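J.: Annotation comment: TrEMBL describes 43-309 as domain 'G-protein coupled receptors family 1 profile'. Residues annotated as transmembrane segment in TrEMBL: 28-52, 64-81, 115-133, 145-164, 191-217, 249-271.
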Amino acid sequence: MEDSQALNATNRPHFTQYPPTSYAVYEVGYVFVPLLLVVGVVGNSLTITVMTSASFRTLPVSKMLIAMSLSDTVVNLLFPFNKPFMSQLIGTDIRALSSGGCKLFFWTYRFAKTGSSWMVVMISFERFVAVWFPMKSKFITTERNVYIAMAVLYGVFAVFFGYWCSWADRVIDGSCVINSRPAGFEIQSEVFLVFGLVLYSFGPSFFLVIVNILIVYKLIRIRKSISPISNTQSFSRCTKTAVSSRTTIMLLSVAISFVVLVTPNAVAHIVSFVRRKPIFETTDPVIVYLRAFVQLLEQLNHSINFALYVLCSKRFRDGLLIILRFKKTQNSSGTTHGIHTATNS
């Protein structure tokens with residue numbers, strides 16, 4: 001997904017032949033891309049392990065977190081092949097071995113990225129229902145409804161990106177070029193690019209900002225409405241609110257990180273589109289550095305969710321420690337029950 005000059009590794013076998021303005025960018029890529037790949041794959045694998053444990057597997061939200069972790073893992077595994085230094089190491093653009101392989105690569109990449117985005121949307125919607133309509137949440141966010149929503153979303157993504165990739169992604173001069181604007185498809189290429197950005201970033205970000213503001217507003221109102229603890233009922237309500245708040249904070253952190261880390265990449269695409277300066281083809285030093293920076297943020301988004309769960313949720317940490325055998329399960333309604341309650345609240 002880099003500029004064609006950098007991607008054509010077969011014509012530029014020596015690293016020093018790359019544009020001087022890009023030299024530092026490629027050096028940074030050598031360090032951070034593999035690092036985030038390892039962090040992301042390990043973290044997402046541990047998240048899947050925790051979410052499939054007995055304490056979490058029956059909860060609807062666990063299905064969303066598993067799907068998001070799988071999507072993030074796919075993105076992390078494919079991301080390095082979009083960087084010029086990978087073509088340098090291998091000696092060729094491995095994505096360009098065949099026309100079908102080029103199309104399949106970018107179909108999978110777009111499919112996984114957008115799937116991850118909409119799992120964040122589904123998670124935030126689940127929190128919204130749990131906070132605003134606690135009595136109805138168990139009827140709305142059922143396991144069956146979650147599976148149906150996921151099937152519909154992933155089905156739409158598969159068809160949309162399948163059609164887009166069928167004509168937009170091609171092998172040109174030994175490189176696999178994304179959204180190559182073939183003759184006769186110039187306007188269609190622009191329309192699909194904008195709609196793809198809305199589907200992947202702008203749409204989810206807008207939804208997340210609105211919904212999470214409403215969630216925070218509702219939690220503040222609930223806290224203010226709780227009277228001083230004077231009886232068992234008041235104590236129980238206060239405890240449930242505190243547990244729900246902690247769970248919501250964990251999931252809010254995921255939504256916030258998505259908006260902060262993914263939106264800049266989409267904005268950079270729009271800016272390059274308005275300026276008629278293709279972001280993956282220009283050699284403008286400013287755009288080259290901007291592109292590298294926003295792509296690094298994007299990869300970070302798909303790599304750090306596990307760290308957010310660990311930092312923001314004691315319940316998740318407890319579940320992880322049990323999986324890693326650092327903490328024993330309790331047969332009573334202690335740790336295991338606490339995890340279930342926190343995630344389902």
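Just so it is clear, glycine is given a Cβ too, placed from its N, Cα and C backbone atoms.
Where the annotation comes from TrEMBL, it is an automatic prediction and has not been curated.
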J.: What mean pLDDT score does the domain 'G-protein coupled receptors family 1 profile' (43-309) have in the model?
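T.: That stretch averages a pLDDT of 87.
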J.: What parts of the chain pack near the transmembrane segment (249-271), using Cβ distances under 8 Å and only residues at least 6 beyond its ends?
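T.: Same-chain contacts beyond the ends: 61, 117, 120, 123-124, 127, 193-194, 197, 200-202, 204-205, 208-209, 212, 215-216, 279, 290-291, 293-295, 297-298, 300-301, 304-305, 308-309, 311-313, 316.
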